[in-house]
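Features reported for this protein in Swiss-Prot:
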- 81, 112: anthranilate 1 binding site (BINDING)
- 81, 84-85, 89, 91-94, 109-117, 121: 5-phospho-alpha-D-ribose 1-diphosphate binding site (BINDING)
- 93, 227: Mg(2+) 1 binding site (BINDING)
- 167: anthranilate 2 binding site (BINDING)
- 226, 227: Mg(2+) 2 binding site (BINDING)
């Protein structure tokens, strides 16, 4: 494709694209007109040099322009991560999203099937009975009736099919592993955003600021988790209406004991679904602790809690009262009621 060649030449020469150039390059990639050789060379060159903030912003703009959007309340929040931590943990952000919704904050949870783990958000939700791949109208109804919807990435980003084969053949993660979490189909302005590499925390927070996010906590656990961890401290880069700050979260400050990494180990989707249901039924374990800590943070990000201690307390109450369990039941019911024969589990 002639329009793509200058962008490929620039990146292959070790130079960075500006925002407009990056958007144009990714417009071409997502159109399906770029050859597999060109796409592979471009993505690999970006990976080797390291993507700049402007390149990621431009790429995300191209991705967002092609996504299938879902209507959501202005205060909707997402709890999402880049993945790639290879921890094999339980589904933390999925349970945290359910708890946040039970606290009265609308959650548009964006996610996909597992890539580097045994159980992604889509996998565990399907095992719990949630219908996947709903159309935007059905998703909006789930959000209205359950306070929560699951935005199945492959259903909302059809243009990704044009780079799927190239990505599967490359031996490294590419910029597209970042673009999915940055491209919530509901256009949420509030995110609890996990990264598996500490070096990505500030750049991706700046990307989200450029893309219009209002309040974000980008988190990286000391154990490598793309979550707020309970095995040690977590580094946070926070965005609040254009201003960035850095701080550390220690779970012990919120009455949560430090846990061993093995206590967060998950299994296949069925195993993780049973673990999630056990927490909602009252189990007190490491999974509950990490879920309420992350849910509490999301409540602060969404403006529903003034401080993390308050957010954690709200999250604990939502679990203990049965509200979180009822929220999951409503999501299962709503997603099946409004599926209209769309993709199953």
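Quick reminder: no glycine exception, Cβ is built from N, Cα and C everywhere.
Cβ crowding, taken as the number of other Cβ atoms within 10 Å, peaks at 227 among the binding-site residues 226, 227. Checking each of the binding-site residues (81, 89, 113, 226) against the residue listed as 'anthranilate 2 binding site', the C-alpha distance stays within 10 Å for none of them.
Cβ neighbour count for residue 81 (anthranilate 1 binding site) (all protein chains, 10 Å cutoff from its Cβ): 23. In the structure as shown, the Cβ atom of residue 112 (anthranilate 1 binding site) sits within 10 Å of 20 other Cβ atoms. Across the structure, residue 112 (anthranilate 1 binding site) and residue 93 (5-phospho-alpha-D-ribose 1-diphosphate binding site) are spaced 12 Å apart at their Cα atoms. If you compare Cα positions, residue 227 (Mg(2+) 1 binding site) sits closest to 93 out of the binding-site residues 93, 110, 113. For residue 81 (anthranilate 1 binding site), the binding-site residues whose C-alpha atoms fall inside a 10 Å radius of its own C-alpha are 93, 226, out of 89, 93, 113, 226. In the three-state DSSP scheme, residue 226 (Mg(2+) 2 binding site) is classed as coil.
Ranked by Cβ neighbours within 10 A across all protein chains shown, the binding-site residues 89, 93 are led by 93. Rounded to a whole number, the distance between the Cα atoms of residue 226 (Mg(2+) 2 binding site) and residue 113 (5-phospho-alpha-D-ribose 1-diphosphate binding site) is 16 Å.
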